[in-house]
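Pulled from Swiss-Prot:
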- Gly74, Thr77: Na(+) binding site (BINDING)
- 4-24: transmembrane segment (TRANSMEM)
- 35-55: transmembrane segment (TRANSMEM)
- 60-80: transmembrane segment (TRANSMEM)
- 100-120: transmembrane segment (TRANSMEM)
Amino acid sequence: MNNVLYIAAGGAIGAVLRYSISILALQLFGTGFPFGTLIVNVAGSFLMGCIYALAELSHIGPEWKALIGVGLLGALTTFSTFSNETLLLLQQGELVKASLNVLLNLILCLTVVYLGQQLIYSRV
């Protein structure tokens with residue numbers, strides 16, 4: 001039951017962060033491309049790589065993994081919004097933007113989760 005509370009607390013923080021970052025990205029970049037979602041997914045993926053490497057090395061306990069990895073980063077990152085925004089771009093005839101959105105999210109997120117892990121492993 002304790003993990004549920006950690007996850008809920010982390011989720012509340014992650015959801016507010018996601019909302020705040022999305023609003024800021026809209027103000028900075030406008031509505032032409034879903035930069036807010038890209039930013040939260042890339043940042044969250046990097047942090048996820050760090051958290052899971054720390055957990056694997058036993059430098060953080062399961063409660064921190066639940067709080068940050070499942071709760072905070074689970075609420076911060078968003079596959080459903082990414083999918084919906086990509087579909088909307090396709091429906092608007094924006095094939096290049098939709099393709100770019102898919103490629104950037106997949107390539108950048110996979111790259112930074114790896115880099116996050118390597119950062120932690122290199123410090124040990």
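Here the Cβ of each residue, glycine as well, is placed from N, Cα and C on the backbone.
In this chain, the transmembrane segment (60-80) lies in contact with the transmembrane segment (4-24); the count of Cβ pairs under 8 Å, excluding pairs fewer than 6 apart in sequence, is at least 3. Counting only residues at least six positions away in the same chain, the Cβ atoms of Ile7, Gly10, Gly11, Gly14 sit under 8 Å from the Cβ of Gly74 (Na(+) binding site). The DSSP secondary structure for Thr77 (Na(+) binding site) is coil. Counting only same-chain residues 6+ beyond the ends of the transmembrane segment (35-55), those with a CB under 8 A from a CB of the stretch are 17-18, 21-26, 28-29, 62, 64-65, 68-69, 73, 76-79, 81-82, 85, 101, 104-105, 108-110, 112-121.
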